[in-house]
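Features of the protein shown, as given by Swiss-Prot:
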| type | residues | note |
| --- | --- | --- |
| REGION | 100-160 | region 'Disordered' |
| COMPBIAS | 113-123 | compositional bias 'Basic residues' |
| COMPBIAS | 139-149 | compositional bias 'Polar residues' |
| COMPBIAS | 150-160 | compositional bias 'Basic and acidic residues' |
| MOD_RES | Ser151 | phosphoserine |
| BINDING | Pro220, Cys221, Val222, Leu223, Asp224, Leu225, Lys226, Met227, Gly228 | substrate binding site |
| REGION | 359-383 | region 'Disordered' |
Amino acid sequence: MCVCQTMEVGQYGKNASRAGDRGVLLEPFIHQVGGHSSMMRYDDHTVCKPLISREQRFYESLPPEMKEFTPEYKGVVSVCFEGDSDGYINLVAYPYVESETVEQDDTPEREQPRRKHSRRSLHRSGSGSDHKEEKASLSFETSESSQEAKSPKVELHSHSDVPFQMLDSNSGLSSEKISYNPWSLRCHKQQLSRMRSESKDRKLYKFLLLENVVHHFKYPCVLDLKMGTRQHGDDASAEKAARQMRKCEQSTSATLGVRVCGMQVYQLDTGHYLCRNKYYGRGLSIEGFRNALYQYLHNGLDLRRDLFEPILSKLRGLKAVLERQASYRFYSSSLLVIYDGKECRSELRLKHVDMGLPEVPPPCGPSTSPSSTSLEAGPSSPPKVDVRMIDFAHSTFKGFRDDPTVHDGPDRGYVFGLENLISIMEQMRDENQ
């Protein structure tokens, strides 16, 4: 068993799933739409990801005015594999103790050599979450012949009331419905495979604890945007730098300073999330990027015009903050745009469509009929939106970790991307008034 069994456990977060009397059973974060490291759910308000020391130090060094636009940094946990009574292996988090010998992932996943996936069966188990759509846990068991298979055998048992579907960018056809974002499953399988192959001695791994920025949203619609005109860090090898520059040149990263890295948007007409991944985003033209943004703001029945001003206000605020951050560079970082896919106005619209009635514009509020008093927002309540910067494994600024390269002025590539994103949204708003 894992060497961290004897550690004392501190306070658990709200609705954290306990593993025996000691650790917290980690579950896949079902709303992950992009990235390459698997995000794990620690509790309702907290997620965790493999620790990269540069990213940890960056969170610890954030300027105060940037904290509004980044997830709250909550510390570090030790993570290891543990078996349960059914023979499955789970990822379990324990309080981090400074004296422990732990592994941390200072080499981003895409730089690591490819490994054969061990054959395994993924098993879902329930959690203690209050949110039905988040009742999912993945674990795996190995077989004697597991080393020969190149990809895992997946067994899914749905626990979600809200299915996800990946839309194919070529055919326009949807994949089968599953109970969490397909990209989340992909990242989690890769993470387990890599950690499993490296954990013959039951090593401990360090994971960052971060705020779950979608926990305020009932039906989180998430757009993951890779920001900036450059994606490689100052310490990248010549080979990797060339590879990243090609990706930028062949996508809207070069022309707009921003490209789609993933998204999920709740569709009122079907009751499921429509999903896109980074490969879709890489192939978009400027017009294709506009169309993707339009799709992100469309709920299957209507364009969410009420979202334009709240999102634009957040983006303008972020731009103003970043323009004041001299020497900062956020290479390969992403920007999350989030809103709730099922709010009062949308529910009223869906009700009238279902009943074949004409659309009634007045939203619910104090003066509405009793039949609509259970709906959430009032007429003066703007829709809830959020904008957060994430992924700082390649970020730098003057004096950070004695980095030899020091840059002048703000991150102009990132600001360029924000300017274009704001401009496109303003044009879309004006065209759809």
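Using the three backbone atoms N, Cα and C, a Cβ is placed for every residue, glycine included.
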Spatial neighbours of Asp224 (substrate binding site) that are distant in sequence (at least 6 apart) but have CB under 8 A: Val33, Gly34, Gly35, Val260, Cys261, Gly262, Met263, Ser334, Leu335, Leu336
Cβ neighbours within the same chain of Gly228 (substrate binding site) - under 8 Å, at least six residues apart: Ser253, Gly257, Val258, Phe330, Tyr331, Ser332, Ser333, Asp411, Gly413, Tyr414, Phe416, Gly417
Other CB atoms within 10 A, centred on Pro220 (substrate binding site): 24
Cβ-Cβ distance under 8 Å to Val222 (substrate binding site), same chain, at least six residues away: His31, Val33, Val214, Gly262, Met263, Gln264, Leu336, Val337, Ile338
Distant-in-sequence Cβ neighbours of Lys226 (substrate binding site), under 8 Å, six or more positions away: Gly34, Ser253, Val258, Arg259, Val260, Cys261, Lys278, Gly281, Ser332, Ser334
